[in-house]
Each structure stands twice: as C-alpha cells, then as structure tokens.
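Listed features, source TrEMBL:
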DOMAIN    A:31-284  domain 'Thiolase N-terminal'
ACT_SITE  A:115  active site, acyl-thioester intermediate
DOMAIN    A:293-411  domain 'Thiolase C-terminal'
ACT_SITE  A:370  active site, proton acceptor
ACT_SITE  A:400  active site, proton acceptor
C-alpha cells in the first residue's frame with residue numbers, strides 16, 4: 001500500500017517514468033478491443049463441431065459479432081481470418097460474413113502464419129485501424145480440423161531442401177520437433193506430465209467455476225449420429241476431459257516413437273475445432289459509438305528461429321516484445337503461451353522465469369485444445385476474461401509456430 | 001527551520017499578515033473553511049506524508065491570537081480530503097486511505113458518528129452537495145465515484161470510471177450534475193437524472209489534454225499526451241465553467257458548452273498542481289497549490305471590468321512561496337474581506353493569508 005502511494009506521488013513528479021504508465025496511458029488513437037468472444041472448443045472428428053464445416057462455423061460466430069457488438073455493420077471496414085488448414089478459407093469467410101449481416105462494403109481476407117494466424121490477423125486489423133485505413137475491424141480465428149486439412153504433402157524440391165539444414169528441417173513433423181526440444185533441453189517425461197496434469201486441473205476448475213461463461217457464445221449446429229441422422233445441438237461448453245491424473249497419463253505410450261518417448265496424447269495439445277473473434281477500433285471511435293472498452297492492443301513481436309526446435313519460439317518472441325516496451329517479465333500479470341506440447345511449455349516457462357501462477361491460469365491447449373487458426377484470438381479472449389476476473393492489467397499472449405517462428409502480443413485490460 | 005509562529009519575511013515583499021498553524025507530526029492534504037462559521041477551519045492529513053501511518057483531522061479556530069486547535073480526531077489511515085456538512089454546523093466528512101468515509105461531529109467524543117466502507121482503495125475526495133445539501137459524494141483510487149446520503153448505510157449510486165479518480169464534485173449550480181477528473185486525463189460529467197443505461201449517467205467525457213479550440217498567438221500550445229489530472233473546481237459564477245489541473249503543471253479552464261478543448265491554459269507552475277479553487281467572490285480568479293511549493297493566484301482573463309479583455313488571456317497575478325514543501329490544499333474564506341484564504345503543505349503548516357498582499361501591481 002505504502003509503496004503504491006509513494007509510486008503514485010512519484011508519478012506526479014516524474015510522469016511517464018514507468019514503462020507501465022506509458023503503455024497503460026489512454027490516448028484517443030489507441031487501438032482498443034470492444035468485443036471478445038469465442039465458440040466452445042470441441043474435439044475434432046468426435047465432438048460437437050465434427051459436422052460443422054468452416055463456413056457454417058464462421059457464419060454462426062459472425063452473426064454473434066454483429067448482434068453483440070451493437071455497432072452498425074456498415075461501420076466495419078475489414079475482417080481478417082486466421083486459418084491454417086483450409087486452402088479455400090477466404091471464400092468461406094467472405095460468403096459467411098455477407099450471410100451473417102455484414103454489408104458487401106466490409107472486405108475480408110485470410111492470413112496464415114501457422115499457429116499464430118489469428119494473432120497475425122489481429123495485428124493486421126490493428127494496423128489498419130491505427131493507420132486509418134478502416135474505422136472498425138474484426139479479427140477472427142477459426143479452424144475446423146474435422147475438415148479441411150491442407151498440409152505439406154510432398155518434400156520440397158531438391159534445390160530447396162538441399163540448400164541448407166534449416167530449409168530441410170521445415171519438412172519435420174511437429175511431433176519430431178517436440179521430441180527434439182525435450183531431448184536437447186532435458187525436459188523429462190515426468191516434468192512434461194506434471195505440467196500437463198496441471199493444465200487439465202486448471203481447465204477443469206475454470207469450467208466448473210464458470211470462468212469461461214463470459215467468453216463463450218453458445219452455437220447451435222447439426223450433428224450426424226452414427227446412423228446418419230442429423231440432429232440439432234446447442235454447444236455451450238468446451239469439451240474438457242475431467243479427472244486427469246498424473247498416474248493416468250504417465251501410462252500413455254509415446255505418440256512419436258520414432259523420434260522420442262516423451263510426448264504423447266496426454267501431454268500434447270488436443271486436436272480441436274473452434275472459432276473466436278475480437279472487434280477492434282480506435283478509442284475515439286469507441287467513445288463515439290459508446291462501446292465498452294475491454295482492453296487495448298499495444299503491439300506484437302515476431303521472431304524466427306531454427307525450425308527443428310520451433311517449440312521454443314516464445315522464448316525469442318516474448319523478450320523481443322518486452323524490450324520494445326521496456327518491460328520485464330515481472331510486469332506482466334497474465335501470460336498465455338500456447339501449449340503445443342508440454343515439452344516447449346515447460347521450457348518456455350522456466351527459461352523466461354514466469355511464475356506458473358500467471359501462466360495459462362485457465363489451462364492451455366493441452367486440456368482445451370489447439371484449433372491452429374483459432375488460438376491467437378482465443379488467447380486474447382481468454383486472457384482478457386481472466387484479467388477482468390483477477391482485476392489484472394497487463395496481458396501477454398504468445399505461441400510457437402511450425403517451421404521455426406514465435407509471436408507474442410501485448411495487451412492492457414481496461415475492465 | 002525555526003519554530004516561529006509568524007512566517008519569515010522574504011526580502012522583496014512587504015510585511016505580510018499571515019497566520020500559521022503547525023500540524024506537528026502530520027502532513028496535511030487539504031484544508032477547508034466551515035460554511036457556517038468564519039473562524040473555523042478543518043485540516044486533514046496523515047503521518048509520514050500519508051504513505052503509511054495514522055491520519056488526523058484538525059478543527060482549528062482563527063482567533064485574535066493566531067490559530068488555535070479546537071479539537072483533533074485520530075484515524076487509522078491518512079485522510080486525503082475533508083468536507084464540511086452543509087446540513088449540520090458541527091459535522092464534517094473525511095476521505096480515508098483505507099477506503100473509509102467517516103462523519104465526525106465536533107461535539108461528540110473521539111470517534112466518528114457515522115462511517116461508510118465500500119470503496120476498495122484510497123478515497124481521494126469527498127464533496128457535499130451544495131444545492132440539495134442532503135447528499136454527498138466520494139471518489140477513489142478504485143476508479144469509482146459514489147453518491148451517499150448520511151442517513152443511508154449503503155451508497156445510493158456508484159459511477160464507474162475505471163481509472164483512479166482524484167477529484168469529484170457536485171456542481172454548485174445543479175444538484176444532479178457530478179463531475180470527476182481521473183488518472184486517465186479525462187473530465188467526466190454525469191447527470192444523475194438520466195437513466196443509468198450503458199453509460200452509467202455519464203453525459204460527457206472531455207479529454208483534458210486536447211489542444212485548445214482557439215490557438216492563441218504567443219500563448220502556450222502544448223502538444224502533450226494525456227497526464228494525470230489531480231484536481232478540478234467549478235466556477236462559482238459561470239455555471240458551465242470548470243478548471244482542471246494536474247501533473248502537466250498547466251491549469252486549464254473548460255466551458256461545458258464547448259467541451260472539445262480547453263478555453264484557457266494557465267501555465268507557470270514548475271511541478272504538478274495538486275489543488276485549485278475558484279474564488280467565491282470574483283468570477284475570474286482562482287487559486288492553486290503545487291508541488292513546486294508555491295500557491296498562485298490567477299485570472300482567466302474573462303472579467304472585462306478588471307482589465308481582462310474578456311477574450312480569455314489568463315495570467316498569473318501573484319504567488320505565495322512561504323511553504324517549504326509540496327503545497328497540497330487551498331480554500332477561500334467565504335466571509336469578510338474577499339482575499340483571505342487558507343493553504344496547507346507537507347511542511348506541516350497551515351497558512352492563512354490575504355492573496356491581495358501577494359499580488360503584483
């Protein structure tokens with residue numbers, strides 16, 4: 001208390017001395033987030049969205065964006081979707097946005113930077129808003145891993161793959177990179193399993209405590225039964241496996257046995273379907289349209305690293321982001337790092353010196369799932385909701401990307 | 001520093017009559033004249049500059065022999081503001097660092113006669129409704145302004161601002177208009193008659209750091225970003241004029257009829273301005289207290305009779321630099337001669353003086 005009062009007086013005498021003051025300052029041309037919502041996360045091929053193709057999912061989500069944003073759809077200038085596995089995603093985005101109530105004057109695009117796709121989409125929309133290209137935009141992340149699965153289906157041409165090791169390593173499957181991280185950085189199976197159990201415990205606790213309720217919009221979809229009949233179901237909750245224990249997952253066999261024996265289905269991200277969206281505009285616009293301001297987009301950072309250890313991407317992206325804003329890891333209240341695998345999650349947590357209590361407080365991709373394109377925006381939606389619950393301010397989201405990249409985003413919660 | 005009861009005379013100013021009281025061991029945050037008695041002043045403050053430790057409420061009397069302490073009350077935490085009741089001549093409110101608001105009665109014991117604990121953090125201001133006299137408000141570091149009635153145990157309304165609110169007031173002209181200034185550099189106006197809705201009674205949010213509407217040649221035109229606003233005050237005569245001041249050292253006047261930018265910028269202080277107060281006698285004069293240890297008198301240039309051209313070229317008219325620490329509080333005396341005021345500062349002194357003795361020309 002006393003230190004806070006002293007800090008307050010000091011900030012009167014030497015304003016803007018503290019980097020936190022500088023990013024939490026409210027200026028009229030800040031890019032702010034006025035709406036953040038997501039669908040539930042469902043298991044691919046088996047869960048609630050298994051028969052919901054991308055356009056159906058986007059249509060439902062974007063309808064909710066139009067309804068809940070309380071903004072005249074004419075004001076929206078652009079929508080950017082982060083999606084990794086569907087090569088035709090941009091068609092689906094455009095058509096479903098028009099169906100959902102956006103006018104033809106609202107443009108649409110998709111972007112693919114692997115698992116950071118919707119954080120990249122957020123960056124694109126934020127830059128468009130900041131530069132004045134558009135007044136209001138939507139950043140969407142969506143992935144239907146039950147469908148559309150465009151992956152690398154052939155080796156690179158010889159001149160590319162033989163040029164150097166890094167280019168060749170881009171062919172490596174993600175499981176291989178996880179085992180490489182586990183071996184090279186000595187992240188034992190025990191450490192990974194302990195991490196995974198905690199992620200499950202937190203997700204279960206969060207769901208049971210109702211913390212996800214202000215993030216999720218229920219979605220009504222058609223589900224085909226075993227006999228082929230279609231029924232309508234309203235999905236309201238994430239499909240989280242309850243009651244995971246260390247004993248139960250320590251028995252699971254390795255999933256990438258040819259590369260190593262540490263990563264398995266229990267300590268890797270689940271294969272999941274889902275979509276999330278945030279609405280961005282300038283603070284002056286938000287005040288003019290009488291919008292609630294959930295948080296401020298401060299900036300992002302991207303980093304590149306060796307493809308074979310792609311999992312440790314956040315270890316490069318987060319320090320770069322923090323140093324751009326003169327912050328230290330201790331200044332951050334909530335950190336969302338995508339749990340592609342427990343191997344990289346443990347490494348990133350310990351290497352960056354993050355208090356575990358601040359990291360993925362509602363569980364992460366190991367328990368919740370990782371619909372590749374959705375993750376970027378999902379972390380923002382989840383992070384802002386958690387900041388509101390904790391009355392915390394500074395949020396960092398981050399993820400690794402296949403082929404060796406890391407990305408991180410910095411936000412200030414104003415709830 | 002000596003223990004004189006009269007202040008030292010600086011070499012270049014005439015002999016001044018100045019009364020002094022020492023709040024030994026406690027650093028005052030604000031001083032307020034009683035609306036009922038012209039000889040009574042209240043001072044609120046805390047030990048250790050209010051950072052940690054007890055608080056104290058002093059009730060002082062101006063006598064022929066100087067300032068005497070009639071009574072004092074001890075509180076658990078520092079008192080950041082005080083407000084005399086408009087209903088009851090012996091009662092006054094305190095704004096506490098522990099989030100509490102207490103009502104003291106001078107005639108009743110050592111403890112408050114009523115208390116309210118709803119704010120989650122330090123309460124930085126309390127203000128009594130000057131028109132309907134039956135409600136008061138508080139503003140806090142927890143980002144809210146709360147409206148209360150002395151008869152009710154719970155607050156009547158909470159206005160959310162989401163940013164530390166250093167100062168909030170009822171308009172002296174309309175009983176249902178509330179204004180607040182906060183850390184996020186905005187002046188907000190609330191009308192309690194409106195339906196709550198999504199705006200929570202807010203009708204206007206003026207960015208204080210906006211550039212002035214009319215750029216005056218030769219005048220300061222700061223291009224600063226937002227800075228914390230620490231204080232504000234309604235003009236007592238012109239019912240749409242408010243002055244604000246804070247960390248960027250500039251006092252700004254706003255006219256709510258044209259709220260897009262400040263009308264007047266009064267620059268001169270070297271450090272943050274902690275408190276301002278418009279004169280109850282002259283529509284264009286205001287007094288400020290600053291961390292630069294001076295208290296200064298200003299005109300905003302709006303009074304044509306006094307030589308201002310009415311077009312709003314404000315100027316500093318005088319300054320008092322007898323305080324030797326951050327000046328924290330100012331209040332004008334309502335009765336008697338129109339220049340008397342009281343100021344307090346972290347040098348543990350309350351000074352009562354006549355601004356006319358410090359005016360140049």
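The backbone N, Cα and C atoms fix where each Cβ goes, glycine too.
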Among the active-site residues listed here (A:370, A:400), identify the one with the smallest other-Cβ count within 10 Å. A:370
Quick check: in three-state DSSP terms, what is residue A:370 (active site, proton acceptor)? coil
For the domain 'Thiolase N-terminal' (A:31-284), what's the mean pLDDT in this predicted model? 95
